[in-house]
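K.L.:
Just passing along the structure, written as structure tokens.
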Amino acid sequence: MSGRGGVRGIIARWRGRDIELKSPAELEAMRAAGALVARTLAAVVEQTKPGVSTAELDALAEQTIRDAGAVPSFLGYHGYPASICSSVNEQIVHGIPSLTQILADGDLISVDCGAILDGWHGDAAVTIPVGAVSPSDLALSAACEVALYAGIEAVQPGGRLSDISHAVQVAAEAAGRRDGVGYGIVAEYGGHGIGTAMHMDPFLPNFGEPGQGPRLVPGMALAVEPMLTAGDPTTRELDDGWTVVTADGGRAVHWEHSVAITEDGPRVLTVLSD
Ligand code: MF3
Ligand code: CO
């Protein structure tokens, strides 16, 4: 229910595409959905250790979401069979949880989770080290998290969408120079508008020149989600039709928050409530 003729008639237009604008009360509702996603991810982080299967993490996430009276948004999305995406090591995104995928010491897993509460979506992802992870993997994950927060800082009213893309790219490249690694930025996937649906316009690339694309106005909400690779960022999709891996087998990480644009700047929605 969005766009012209819907219950919420408030939209911005960019080259013929609608961008949903939320009222302050609607952003509060999104904040509640986001808090549930944050709480679910915290529960998953708590249980992520060697010997645990990704299917167990999925069951925990689904239960946490349903116990709150919400619905897991990933489950059934274009036929997706689970409530989280669990992407281990060379898997970048959209890894399908499995009973036979047992986490081992030294693994690096990204868990992506979404929930619908009172009709509003939250979407966030974290990368979690399993046991003792190599310093280079920790640096890769830290670089991606720093790039996420650099992107979030660029979610400013009056700015342009690609200011966010550019900020993510600059931060990822700076981290790579500091770490002496040319981190790859995954090009085929990126962030997105979010609100009454999980994936809405606009698409948000994780690189690009600043000053392009729609103007950022209060009431917009975006999922910012950089994906970085230790090596070449070329991707390949597995035969399961979902799992995206690095073509070179190198490790990949993914961090994501849903963020609203307010008069005062960015407001991260997918955080625990105080
Ligand atoms: N949450 C992912 C994203 O960040 C999308 C997952 S789609 C699913 O955009 F079908 F795998 F659930
Ligand atoms: Co997302």
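Yeah, the Cβs are placed from backbone N, Cα and C, and that goes for glycine too.
Just so you know, TrEMBL annotations never went through curation; they're auto-generated.
In case it's useful when we look at the structure, here is the feature table from TrEMBL:
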DOMAIN    28-263  domain 'Peptidase M24'
BINDING   His94, His199  substrate binding site
BINDING   Asp112, Asp123, Glu256  divalent metal cation 1 binding site
BINDING   Asp123, His192, Glu225, Glu256  divalent metal cation 2 binding site
K.L.:
Can you list the residues of the same chain, besides Asp112, Asp123, Glu256, whose Cβ falls within 8 Å of the divalent metal cation 1 site's Cβ centroid?
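P.N.:
After dropping the recorded site residues, what remains is Val37, Cys85, Cys113, Gly114, Ala124, Ala125, Ala223, Glu225, His254, His257, Ser258, Thr270.
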K.L.:
Mean pLDDT for the domain 'Peptidase M24' (28-263), rounded to an integer?
P.N.:
98
K.L.:
Using C-alpha atoms only, work out the spacing between Asp123 (divalent metal cation 1 binding site) and Glu225 (divalent metal cation 2 binding site) and round it to an integer in Å.
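P.N.:
About 10 Å separate the Cα atoms of these two residues.
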K.L.:
Could you measure between Asp112 (divalent metal cation 1 binding site) and His94 (substrate binding site) for me? Cα positions, answer in whole angstrom.
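P.N.:
Asp112 (divalent metal cation 1 binding site) to His94 (substrate binding site), Cα-Cα distance: 8 Å.
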K.L.:
Which binding-site residues from the set His94, Asp123, His199, Glu225 come near ligand 2, judged by a Cβ under 6 Å from any of its atoms?
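P.N.:
Near the molecule: Asp123, Glu225.
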K.L.:
With every protein chain in view, what's the tally of Cβ atoms within 10 Å of the Cβ of His94 (substrate binding site), excluding that atom itself?
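P.N.:
Result for His94 (substrate binding site): 21 other Cβ atoms within 10 Å.
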